[in-house]
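K.L.:
When I checked TrEMBL for this same protein, it listed these features:
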BINDING   58, 59, 60, 61, 85, 109, 136, 137, 138, 139, 272, 273, 300  carbamoyl phosphate binding site
BINDING   168, 231, 235, 236  L-ornithine binding site
DOMAIN    9-149  domain 'Aspartate/ornithine carbamoyltransferase carbamoyl-P binding'
DOMAIN    155-310  domain 'Aspartate/ornithine carbamoyltransferase Asp/Orn-binding'
Ligand code: CP
Ligand code: NVA
């Protein structure tokens, strides 16, 4: 395994992570998954602390951080916005500087990408984006690990996302695919597509990796897909737009006939979860033989463990 030095790094949106660094995290996650399945117990985070500041709800991400860190002797501290000053009575910058003096790292889930950037800039410790309105980088790592496990490699495979094509999950998926040479097709109505400036950024990485990035409104573009991916039609914080989204996105539902249009019986179904069944995906696809959603959810923990190991410890402790 090529071993880049990642100690002290933050993971805010994957944009400043090189393909080699991302591949290293994925390899490390696969290795940690194996070790976890073999029952290996270690205490590599003993004496370390992790602040988890969550403005939005979470099952997988919170539990992945808490179990990956806590099982190895680390002490995670969960802080909701009811528990902590976050730009209210105390400025965000001041909170960041206090946390930087007490914790080894910070995980943040919330609304504004700027919040996680400020936490990183001012705390002086590694900060992880556990989802913002703009990005969900830890999810993207688990998504690619799941594709890799299924097909032996992700590079050269084609992943099609259908639904809200400008949400956090799609942004991170496009970044990781563009960097790693995974072809990514986003199938969405015109008003819900990635911003052209963002696409111009991904195009540079795609050119280097050979990834083909396609944005279209036509569900027929799923032909020959290796993986079909969807997410909720209205993300956290967008509940007021739900009715409009149902109207716009119903033609993009992932159902059995959509899956058949891939003309690929080996095609898998992915969803970051939580899912609203019979909206973005039918029960039959979700529970069907193509679904890999539970593997994908489990992989959140192994990929997050890899991020924590790589950014908090010296290379010789975990490699
Ligand atoms: N996929 C994901 O981030 O799930 P949670 O919202 O439950 O953390
Ligand atoms: N796009 C979804 C992802 C949830 C994991 C949201 O932000 O609600």
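Just so it is clear, glycine is given a Cβ too, placed from its N, Cα and C backbone atoms.
TrEMBL does not curate its annotations; it predicts them automatically.
Can you walk me through where each of these features ends up in the structure?
P.N.:
Under DSSP, residue 136 (carbamoyl phosphate binding site) is assigned to coil, being neither helix nor strand in the three-state scheme.
Cβ-based neighbour count (10 Å, all protein chains) for residue 231 (L-ornithine binding site) stands at 27.
Secondary structure counts, DSSP: the domain 'Aspartate/ornithine carbamoyltransferase carbamoyl-P binding' (9-149) has 65 helix, 21 strand, 55 coil.
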K.L.:
How far is it from residue 136 (carbamoyl phosphate binding site) to residue 235 (L-ornithine binding site), counting Cα to Cα, in Å?
P.N.:
12
K.L.:
Could you round the CA separation between residue 235 (L-ornithine binding site) and residue 85 (carbamoyl phosphate binding site) to a whole angstrom and send it over?
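P.N.:
Each residue's Cα considered, residue 235 (L-ornithine binding site) and residue 85 (carbamoyl phosphate binding site) end up 25 Å apart.
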K.L.:
So what's the mean pLDDT when you look at the domain 'Aspartate/ornithine carbamoyltransferase Asp/Orn-binding' (155-310)?
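P.N.:
It averages 98.
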K.L.:
Specify the nearest of the binding-site residues 168, 231, 236 to residue 85 (carbamoyl phosphate binding site), where nearness means the distance between Cα atoms.
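P.N.:
Closest by Cα distance to residue 85 (carbamoyl phosphate binding site) among the binding-site residues 168, 231, 236: 236.
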